[in-house]
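Let me begin by presenting the structure, written as structure tokens, before commenting on it.
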């Protein structure tokens with residue numbers, strides 16, 4: 001990118017020189033051609049001078065020398081960088097990230113999610129909520145009971161599912177069945193409650209390799225109205241009923257070895273939320289090692305969304 | 001605050017505000033980041049502008065003191081009454097009276113004069129007092145004796161004159177207006193910086209526009225493309241550089257002021273370094289501006305007197321009896337006296353009442369014989385005839401100091417030929433011998449020889465009156481001349497000259513070896529001018545003028561091939577008849593030129609002639625007559641002590657000690673600063689690529705942004721400032737006084753090798769090194785390089801709060817943002833570490849660092865320390881301030897770029913080694929900047 005610009009600059013200098021040299025000729029040339037035409041000719045000659053067989057004031061030989069030198073120079077630079085990157089890859093493990101301080105404490109995300117955290121829909125108009133249902137159905141495909149039973153193991157609840165062994169060994173994953181979500185599983189009510197104005201919202205904690213909640217004290221979810229009347233929500237049903245992420249889903253061993261790992265979920269069933277008004281809801285994680293009040297990051301340990309259900 | 005980089009930065013700032021406007025119209029809650037950035041950019045422009053102004057103002061302040069003028073009074077006869085009026089109220093036709101010591105209040109034609117002498121040196125450069133009378137002697141007003149000029153001084157005598165012109169219409173006034181009519185052209189360094197700004201601005205604008213187009217055609221939103229454009233501009237413009245250059249120049253200016261070169265405009269600091277021709281005035285610059293005894297002739301021999309500033313080393317033979325007689329005449333036949341009350345003052349510095357020649361003789365004898373006044377007291381003066389222009393001799397009669405000798409001693413001095421006429425004998429080795437034809441011939445040879453040196457020659461003779469004819473009681477009558485005025489005994493000759501300063505010949509030699517041509521331009525006589533030129537080396541010992549060649553070959557002047565003569569002495573009259581082409585030819589063909597008897601306008605013509613040769617011309621001068629040329633010159637150098645106010649205000653530089661040798665120091669400093677500015681600029685330009693590449697990669701490969709615009713500003717205006725100033729303290733690599741001055745159009749400050757090497761070699765290496773740090777940070781945090789490719793869109797979506805990394809971990813938007821800032825900090829540290837290597841390699845352009853000495857320039861280490869400390873403060877101390885986008889960095893990341901820094905150093909050492917081994921090779925031509 002830089003070379004042509006520099007040469008433009010050189011070009012100008014060249015022009016100046018030429019102009020000086022050809023001062024006498026110029027006075028004659030003024031009658032025949034305009035200044036622009038002459039300039040163009042000079043530039044043209046600079047780009048390709050047929051007499052001296054030079055382009056951009058260099059001969060072909062000179063150009064090839066430059067190209068060869070730069071080729072070798074850049075090739076060796078590339079080699080150096082490749083070496084650096086190779087050393088880098090030698091020092092970092094493909095299974096476990098070297099540091100996790102930037103991704104901790106865990107963030108929280110909800111499903112269904114379509115670019116916005118405002119759930120606006122009209123119960124009587126399926127078009128307004130159909131996409132939530134599709135989104136949830138799609139998301140829960142990986143949690144189908146048959147699939148979970150086939151791929152994953154049923155491990156004992158209430159304790160870490162620790163798998164010793166080498167880093168590069170494949171790890172087993174614990175089952176999280178869709179049916180755990182009961183009314184929000186979409187199995188009984190395929191509209192996840194949206195058709196009745198009782199929407200289900202799934203909450204998912206961001207995966208972090210090696211993250212372990214405090215033993216015996218699983219991370220809990222609790223939702224309340226963020227601003228306004230506490231009673232706008234009235235009642236929420238959590239599935240699983242404990243409203244917590246069971247310890248058996250931790251730790252996470254990374255996507256290379258922990259292939260079939262499925263994030264545990266907590267479903268919130270807003271069964272009796274106030275209709276026809278926006279209700280801001282904040283769902284927070286609670287537990288030791290969880291931070292949910294970072295000012296700058298509104299998705300660490302908490303998530304805020306609004307429900308605006310019209311009837 | 002406008003022009004060059006400032007314009008680019010203004011554009012950047014305005015683009016920021018436009019970008020915010022677009023954002024705001026789309027989304028009322030958009031962040032104010034771009035407004036801050038725009039304001040920061042505007043602030044940078046304003047601050048650097050104020051800074052440059054402050055620096056300039058500081059150096060101009062020093063000059064303000066020179067402009068104070070004392071109001072002048074004039075004694076005028078109006079209404080038959082003598083009145084004192086301010087000089088500016090004089091009108092044409094006023095009759096004014098002048099006495100010794102007055103400044104002439106206007107141009108006047110003399111109506112009567114009694115022994116009036118004026119000092120025209122400020123006007124014509126002639127140091128000798130000019131007698132004035134009411135006779136019209138020449139067509140040229142400057143030459144005729146009956147006109148005195150405004151602002152010159154009356155030294156002695158009295159005069160009455162009629163005012164013929166006042167104010168701007170006086171000769172001085174015309175010169176002053178000539179000076180103010182001369183336009184100040186741009187300084188060479190100013191042109192170089194402009195050229196450099198053009199290059200950088202060209203690169204910035206073309207890359208900016210190119211990538212704007214690429215971004216738009218890659219379907220980026222226009223808003224994003226504008227943000228890219230801002231980033232590219234900010235990365236390309238070296239924000240801190242102009243301030244750095246100003247500081248570097250003012251450091252040099254300070255250093256030069258310590259060595260008695262006071263520089264008025266900062267940019268003039270460098271001009272002296274690129275000077276290829278010095279047009280020097282003679283009087284007061286090359287010479288001491290006082291008559292001094294240079295040669296003596298007695299006993300048929302020429303003796304050389306010491307003409308150095310303190311006369312301390314008089315080595316001629318003082319044992320001869322002739323010298324005893326001669327010294328007695330010198331002491332006694334002299335009316336000059338030291339002013340009282342100067343006991344502690346060295347002889348040469350004592351103030352004297354008397355004219356220049358008598359002063360010279362008085363000081364000469366005082367130094368050799370000791371207390372002259374005491375000798376005069378012992379040889380009581382009984383009568384005297386003072387010097388006048390008709391007699392051309394001075395005579396006095398004394399009693400002798402030998403009590404047993406009752407004779408009177410008559411001593412006489414004057415124009416040699418008039419003195420010789422009155423002599424019948426000549427003293428040789430203390431014995432009187434008859435003056436025959438052959439001794440007269442030796443006298444004439446000596447007289448011509450000394451005269452040919454441009455010296456003023458005086459003859460000395462004496463006569464002891466017989467005691468029987470002139471008893472002690474004899475009453476001498478100087479009007480009746482009742483004593484003999486012939487048959488004297490001729491004793492010797494003394495010649496005087498305004499001698500060159502003792503430091504000048506050495507300085508001239510140094511200028512010569514530095515490839516600087518020195519031309520003497522003076523209002524003085526050609527013979528004197530040539531003599532001084534020879535004695536200081538402006539005309540070297542073995543070179544001849546056309547006239548000399550003609551004399552040697554014994555042919556007519558016209559037959560001599562002008563190219564045989566290296567030297568030329570040209571008078572104002574000859575110059576008047578020359579066409580510009582002839583002058584060009586003269587200047588091109590002769591390397592040693594003396595212009596004599598030149599007028600102020602002709603000085604201007606000479607300077608213009610030199611400038612036509614593409615030379616950078618320095619002019620030295622002290623008189624008002626020099627001021628137009630001083631102004632026209634690329635750098636005008638005025639004398640601080642003897643210089644007139646007009647000269648000082650027209651000049652760009654003032655020599656506080658009036659010493660020509662200070663110019664050499666100035667040249668050296670100027671050349672050094674040019675070299676060092678090259679290093680500073682190369683240092684500063686290098687990191688531009690490292691700052692630019694992230695944006696280009698960001699646009700093309702879609703990586704999360706490696707470095708932010710604010711971070712770039714912290715490099716340009718933070719870590720890099722002190723190191724780039726430190727380069728101004730670097731010592732010269734080789735003897736810079738042994739190479740030719742740079743060619744105005746060929747040896748640019750920023751040339752192609754410099755730009756290519758900084759951008760495409762070191763800059764690129766630096767960018768790669770910084771990218772390695774960036775990739776390391778991201779990879780260790782979970783994003784391996786392969787995952788980063790084209791991640792940009794997802795990465796920047798604020799609503800994606802579970803973005804997966806290479807390990808399956810999920811990141812919220814703010815966590816990614818924080819990681820991005822960590823990346824900025826890492827990239828910043830990467831550049832900073834490699835800039836340390838860059839700083840070290842820029843210490844030299846050709847020599848190995850080990851030849852130059854790694855620790856000789858301590859300021860460099862202060863610079864490196866400042867870099868590290870600023871980076872530490874930014875990363876650790878200010879890491880908590882969100883708007884600055886800095887975060888804490890793990891200690892090991894500070895060392896990731898170290899191997900690359902070492903590589904840069906090694907590569908540059910290899911480059912320098914190849915340059916030293918193969919001078920003139922392709923490598924040398926393309927890699928030496």
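These residue numbers are counts, starting from 1, taken along the chain as shown.
Glycine residues also receive a Cβ, built from the backbone N, Cα and C atoms like all the rest.
Check TrEMBL against the ranges B:639-659, B:660-680, B:681-701 and you find transmembrane segment recorded for B:681-701. When TrEMBL is compared with the stretches B:821-841, B:905-925, the one noted as transmembrane segment is B:821-841.
As a quick check, the transmembrane segment (B:35-54) and the transmembrane segment (B:707-729) clear the bar of 3 or more Cβ pairs under 8 A, pairs 6 or more apart, so the two touch. Tallying C-beta pairs under 8 angstroms between the transmembrane segment (B:754-777) and each of B:196-220, B:681-701, B:707-729, B:861-886 places B:681-701 first.
Remote same-chain partners of the transmembrane segment (B:196-220), defined as residues 6 or more beyond its termini with a Cβ less than 8 Å from a stretch Cβ, comprise 4-5, 7-8, 226, 228-229, 232-233, 236-238, 681, 685, 688, 692, 695-696, 699-700, 749-750, 755, 759. Across the domain 'P-type ATPase A' (B:69-179), DSSP assigns 19 helix, 49 strand, 43 coil. For the transmembrane segment (B:681-701), the list of distant contacts is 196, 200, 207, 211, 214-215, 218, 220, 228, 231-232, 234-236, 238, 240-241, 244, 707, 712, 715-716, 720, 723-724, 727, 749-750, 754-755, 757-760, 762-764, 766-767, 769-771, 789-790, 792, 827, 830-831, 834-835, 838-839, 842, 929: same-chain residues at least six beyond its ends, Cβ to Cβ under 8 Å.
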